[in-house]
Number of protein chains: 2
Amino acid sequence: MESKGYHVAVVGATGAVGQQMLQTLESRNFPISKLTLLSSERSAGTKIFYKNEEYIVKAAKPESFEGVQIALFSAGGSVSRELAPEAVKRGAIVIDNTSAFRMDENVPLVVPEVNEEDLKLNKGIIANPNCSTIQMVVALEPLRKNYGLQKVIVSTYQAVSGAGVAAIKELEQQSQAILNGEEFTPSLLPVKNDEKHYQIAFNVIPQIDTFQENGFTFEEMKMINETKKIMHMPELQVSATCVRLPVVTGHSESVYIEVDKLNVTADQVKQLLLEADGVTLQDDPAQQIYPMPAYCVGKNDVFVGRIRKDLDQSNGFHMWIVSDNLLKGAAWNSVQIAESLVKLKLV
Amino acid sequence: MESKGYHVAVVGATGAVGQQMLQTLESRNFPISKLTLLSSERSAGTKIFYKNEEYIVKAAKPESFEGVQIALFSAGGSVSRELAPEAVKRGAIVIDNTSAFRMDENVPLVVPEVNEEDLKLNKGIIANPNCSTIQMVVALEPLRKNYGLQKVIVSTYQAVSGAGVAAIKELEQQSQAILNGEEFTPSLLPVKNDEKHYQIAFNVIPQIDTFQENGFTFEEMKMINETKKIMHMPELQVSATCVRLPVVTGHSESVYIEVDKLNVTADQVKQLLLEADGVTLQDDPAQQIYPMPAYCVGKNDVFVGRIRKDLDQSNGFHMWIVSDNLLKGAAWNSVQIAESLVKLKLV
């Protein structure tokens, strides 16, 4: 079976992440014997090419998963909550890119560079973490392993593609309207179903997802809780401020951490990250080398730079972490989980 | 004399900040008996209207300051270094918006809401702090006064107008080129005289001003050192990561602080800031109310929101601070200093 490949389903095949999943499966040459492309009723009938072959996207139903071995879900939480159990019932392993099951204690939440072994505990569903969380833990794991980790304070600089194709369009249309001196009415960001919508072009919105009782947004709580779960550190101190920017793709993060070990140098941290899986170190201030979203788009790695020791706290470090939110933040991490499942003979 | 007003000079009258200084002097109806507009040789001859009267901008020279009582400088550090002492020699008080004298121990560095009394120590030159520093200390001073302050970690989201009129043009031209699918060559940001220039439209650049030996940029070190000086707290722990965004005007800051006093609540912090001079509290998550640069442009206040207690550190708070970098960050703070000098009979 393995030589021929697997029956793979992509749920949400017409969305921003679904498109990237297909491109990633193709570029990685993932072993596929049969490909089923699924979507909402609304997008059913769309034609998509995969490896020069035309596929017609079908509306996702419980029966769609008959015979499917690996199902990649990225069609929103409610679709996953409804159909992921149906897929599992029919024998598929689900890799879910929504927040539906991430904090479920029976569901492993996996970033292969950090906790690939957790895949062995899966009961059919594996959750792909939030985009902002993934890129941060990839950069922090080598430090945790070598120096211990006590505290993380992150401020994010997030791209609109995290809110889907419609948000990209809104940014582009608003930008053009402002450059033309024309009127416009924001209708999508920060949160489609919230009451108020704000300008995103040439602006900054300090709200991603809805507000929780404690004053943090759900996006911020995702970063906090998911980081602890992935790293197996319920005691880790994490806080986050999540901010939406007029950038199409590529999330950036300004991260402050405190490690356990004293007297670690910035050069030691750089050396660790230079050798770390999935990380590209871009850190040479004298040459103005540091990561930026516009130059990270389309790349699978997590880019880290601006690493420097805090001026007061001897175990404190600052760093700047950038990655393509549609790739390592979503599609690539999902496909990477599928590759790990194959490698560990779990599928 | 006071009833008639003062002989005021504006050096750098044609620049982004100079223009705002003139608008602010006009809207505040600052008592001016004579107005002298100065600039570089290059911009000399430009015509500018002030209160419906036409002025011709002249090239700034030592003799330009004969009879000037208040000189507002915003034409770059080298101009200030050369001409501010000449203005003082001729009897003027200089309010300097460049970084030339900010860390000079003989020069008060003043944000009126924080340390107006320091004006009394002036020996002719008063420095206006960096834009990012000003808005932060206005928001933090009420907390320092009531609860004590131990630690500040700030990540900035800075607009291009901080880099002048040419940077605004570069952002607009690049944005249009990208929307048209056209090629372009970045030529200004992050730092005009640095070797490399990067795309700013739909991108994020984690460099403002040049890099220092310790891996921090000069902008970051300005925030660190100026905050300590303005607050008279050399022992305060401050760190900063300064980032340039595709926003025209309005700097935002994600700020984490630790106060001395334990058991302070977020509601108490909000109440303090509601009553604070120069602060507008915009903090109602349930109504999606928080500060954003696009909605703060043209206003003198510092806007604060997203105030919440850290989930682990009982003396830790997060907040989001936004202000018009050309007004409170530059022109308005300078004019406000001039008003304080009049009020305190120091001019």
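Glycine too: its Cβ is placed from the backbone N, Cα and C atoms.
Among the candidates B:ASN315, B:ASN325, the residue that TrEMBL names alongside B:THR14, B:GLY15, B:ALA16, B:VAL17, B:ARG42, B:SER43, B:SER161, B:GLY162 for the NADP(+) site is B:ASN325.
Helix first, then strand, then coil: DSSP counts for the domain 'Semialdehyde dehydrogenase NAD-binding' (B:7-122) stand at 39 helix, 32 strand, 45 coil. In this structure, B:ASN325 (NADP(+) binding site) belongs to neither helix nor strand by DSSP; it is coil. The predicted model assigns the domain 'Semialdehyde dehydrogenase NAD-binding' (B:7-122) a mean pLDDT of 97. Counting only same-chain residues at least 6 apart in sequence, those with a Cβ under 8 Å from the Cβ of B:THR14 (NADP(+) binding site) are B:SER39, B:SER43, B:THR46, B:ILE48, B:VAL57.
The most crowded of the recorded positions listed here (B:ALA16, B:CYS131) is B:CYS131, judged by how many other CB atoms sit within 10 Å of its own CB. Taken over all pairs of the listed NADP(+)-binding residues (B:THR14, B:GLY15, B:ALA16, B:VAL17, B:ARG42, B:SER43, B:SER161, B:GLY162, B:ASN325), the Cα spread reaches a maximum of 25 Å, rounded to the nearest whole number.
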